[in-house]
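Asks: For reference, the structure I am asking about is given below.
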Amino acid sequence: MAVRIEVLKEDNRTRARLGKLHTPHGVIETPVFMPVGTQATVKTMTPEELKDLGAGIILSNTYHLFLRPGHELIREAGGLHAFMHWDGAILTDSGGFQVFSLGDLRKITEEGVEFRSHLDGSKKFLSPEIATQVQMALGSDIVMAFDECTPYPATRDYAKASLERTTRWLKRCQETLTTTDRQALFGIVQGSMYEDLRKQSAAEITELDLPGYAVGGLSVGEPKELMYEVLDYTVPLLPKDKPRYLMGVGSPDALIEGVMRGIDMFDCVLPTRIARNGTALTRYGKLVVRNAESAHDFSPIDPTCDCYTCKNYSRAYLRHLIKADEILGLRLMTIHNLRFLTNLMSEIRAAIKENRLPEYREKFFYEYGYLK
């Protein structure tokens, strides 16, 4: 099996797990946050910087790479790892979420999805087979199944038809993937916010005995309380001996809550996207560095942070860079936000190990401002 999880400890007061994710490109401590490198790059970061920040696995995007530069070119380069000079693990999402976000620009059939490229308006087609073949060409360690990402809100009938199609498509992905010695296919549980539909979806996809499972269709606009409720009844339906991945979640509160419900893996564009907007994550909540109050503040973003940015630069200097549209500003903010989250995950793992996760959550939430 190309990818497996070794569960080292289960928390006795929550559903949290401490583990090691074994992949063809290294062993990653879990729970883990995966930075997003949509177009074969985590925006503004070099692979060496990502390693220094503590990232062992990153996410890349099938939809974007399929459109540009094209998967055949990446195959020619020796795969995504060689192409982008990254020797850690890579998870590629299937492109399903991006295609379904196109709204009126796409047409869903049983065969797949016809859509217009956001780059040049040309007609394209993605199916379970094509999405899997593209990911085989990319050579990622973890291949996500091509699923129908159900929007929120969705009617019960739509959610049921959608999850059943996702199961049929998953079987087609499984039949297409011939590189199981070095690539692991993860199935995705759908079912919107309906408990019985989530149960149906989980039962159907776990029957296929895949190397890992993801919870999809969350973090799509629903209230966080509802997302936690769905996780409460969905995660226990997934096998304990397989990795569990919550797609598209990366805010500090949701990472902690997700871990407490038994999730091992997370990804989100949040830290990199808000960095480019001039917003930093800190222990005491979000800090909008571009705001006027940072103009004469010569302290670091977060004095407790060990990242390159906090060790060397002031809020005033960072604000100047951001206001002047200097690229260094985006880089330094991104370095900090990614380090903040890899550090958060490291603290979460330590808290699980030392049986103090609920206490850690309470202290973190209080300091961050979630409880005020």
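Heads up, the Cβ atoms here are built off N, Cα and C, so glycines get one too.
The active site, proton acceptor annotation in Swiss-Prot covers D93. Marked as substrate binding site by Swiss-Prot on the basis of sequence analysis: D93, S94, G95, G96, F97, D147, Q190, G217. Look at Swiss-Prot and you will find 248-254, 272-276 tagged as region 'RNA binding'. Under the heading active site, nucleophile, Swiss-Prot lists D267. Feature annotation from Swiss-Prot assigns Zn(2+) binding site to C305, C307, C310, H336.
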Asks: I'd like to know the mean pLDDT over the region 'RNA binding' (272-276).
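Replies: A mean pLDDT of 97 is what the predicted model shows over the region 'RNA binding' (272-276).
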Asks: Determine the Cβ neighbour count for D93 (active site, proton acceptor): the number of other Cβ atoms within 10 Å of its Cβ.
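Replies: Other Cβ atoms found within 10 Å: 32.
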Asks: What are the sequence-distant neighbours of Q190 (substrate binding site), meaning same chain, six or more residues apart, C-beta distance under 8 angstroms?
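Replies: Result: D147, E148, C149, T150, A159, S162, L163, T166, L197, R198, S201, G216, G217.
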Asks: Work through the binding-site residues one by one (C305, C307, C310) and point out the residue whose CB has the fewest other CB atoms within 10 angstroms.
Replies: C305
Asks: Do any residues, 6 or more residues outside the region 'RNA binding' (248-254), come within under 8 Å Cβ-to-Cβ of it, and if so which ones?
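Replies: Same-chain residues near the region 'RNA binding' (248-254) but 6 or more away: 33, 97, 218-220, 224, 227, 266-271, 281, 341, 344, 364-365, 368, 370.
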Asks: DSSP on the region 'RNA binding' (272-276): how many residues come out helix, how many strand, how many coil?
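Replies: Per-class counts: 5 helix, 0 strand, 0 coil.
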Asks: Pick from G95, G217: which of these binding-site residues has the biggest number of other Cβ atoms within 10 Å of its Cβ?
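Replies: Counting Cβ neighbours within 10 Å, the top one is G217.
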Asks: Around the C-beta of H336 (Zn(2+) binding site), how many further C-beta atoms are within 10 angstroms, looking at every protein chain?
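Replies: Excluding its own Cβ, H336 (Zn(2+) binding site) sees 27 Cβ atoms within 10 Å.
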Asks: Let me know how many other Cβ atoms fall within 10 Å of the Cβ of G96 (substrate binding site).
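Replies: For G96 (substrate binding site), the count of other Cβ atoms within 10 Å is 26.
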Asks: Just how many other Cβ atoms lie inside 10 Å of the Cβ on F97 (substrate binding site)?
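Replies: Around F97 (substrate binding site), other Cβ atoms within 10 Å: 21.
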Asks: Based on DSSP, name the secondary structure state of D93 (active site, proton acceptor): helix, strand or coil.
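Replies: Note: D93 (active site, proton acceptor) is in a strand by DSSP.
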Asks: Within 8 Å of the Cβ centre of D93, S94, G95, G96, F97, D147, Q190, G217, which other residues of the chain have their Cβ, at the recorded substrate site?
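Replies: The surrounding set, listed in chain order, is F100, M144, A145, F146, E148, C149, I188, G216, M247.
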Asks: Nearest to the residue listed as 'active site, proton acceptor' by Cα distance: which of the recorded positions D267, C307, H336 is it?
Replies: D267
Asks: Minimum Cβ neighbour count within 10 Å among the recorded positions D147, D267: which residue?
Replies: D267
Asks: For F97 (substrate binding site) and C307 (Zn(2+) binding site), determine the Cα separation and express it in whole Å.
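Replies: That comes out at 32 Å between the alpha carbons.
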